[in-house]
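Marked as active site by TrEMBL: 65, 278. According to TrEMBL, the feature domain 'Peptidase A1' maps to 47-409.
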């Protein structure tokens, strides 16, 4: 389950965007029943990457989140927060004053405006969809990633949290690596022309590539199907302008397209209804009418092979109300119809075991409970379609920032890791 940081021998000791940084990803499983919270949403699995920060370097493990901007670390140890970064032990740590241009201008994309604390330092508060929050000061610090040393990276050194996170989760990860399009995200600060990841469903591993523009080491990769990344300049109340937004056009179950007009997938005048690709979210969430149509069609096509859990009070992670009873001694799930998410120019197909998720520690009369891995955004309290990382397993996902597009291609990610020299 645990992969340690490796670096390609060709990397120099100083950072260059012409290099490709290759890092292993790890899927963290948080053992806790039913309602679990993973950063901005309720989940029990996250993607993490390990490297070191500070002088001398301190090892950290950070959640990869394409839905967040500011990278941050827990900087105050508590009985729950056992894995923290200690700025007092680092000679390169430098808090950012609120009079600096970084504090005044680069924080414009944060949802809550920064403030000035009693020490006249730049203070940030981050809130998430599960009503948790974290706050602390912005600072510069040296990041050690692969063979590269990256000085003066802006991050949040958080010393206060109001959270519903499990203690298991907080003891495993040190913080979050913000990867969206905001000016303070790790991707934006580094100036990467693109980045990619591939998540294996075989061994809880994966690979994260930072850079890779024209890199010959990717010549074995099959051609990607691309769809545009959508950006708007007009501020709208429900549209996240720094998210990785694509245009969902249709959903198909098996060979049958849902009888929905394309207009239901288009953001309205308030910005509600955008489709975001979010590695910090485990499952996929659809707005109510689309979710209901998908739920009904999947029910119809699986009624002869799956037994529905008849319990209206059971809603997995408060958003998933289509669950099934599967005998504990059943070795494999029956053949299920695939669910295909159709974009302009690309298609993301979800099939097999990725369609159903076994709920931990739930047994009913000799049956395990499996829930459909698409949830209702309305129950989550968000006005958007969110495509989580569970439905991106065994798929190469590329964010081409230079050309403002997202590319995808099915691939065995454990083999991709070996091709990139990350073999175990």
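Backbone N, Cα and C atoms are what each Cβ position is placed from, and that goes for glycine too.
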Surrounding CB atoms that lie within 10 Å of the CB of residue 278 (active site), all protein chains: 25
Number of other Cβ atoms within 10 Å of the Cβ of residue 65 (active site) across all protein chains: 25
Distance [Cα-Cα, Å, rounded] between residue 65 (active site) and residue 278 (active site): 7
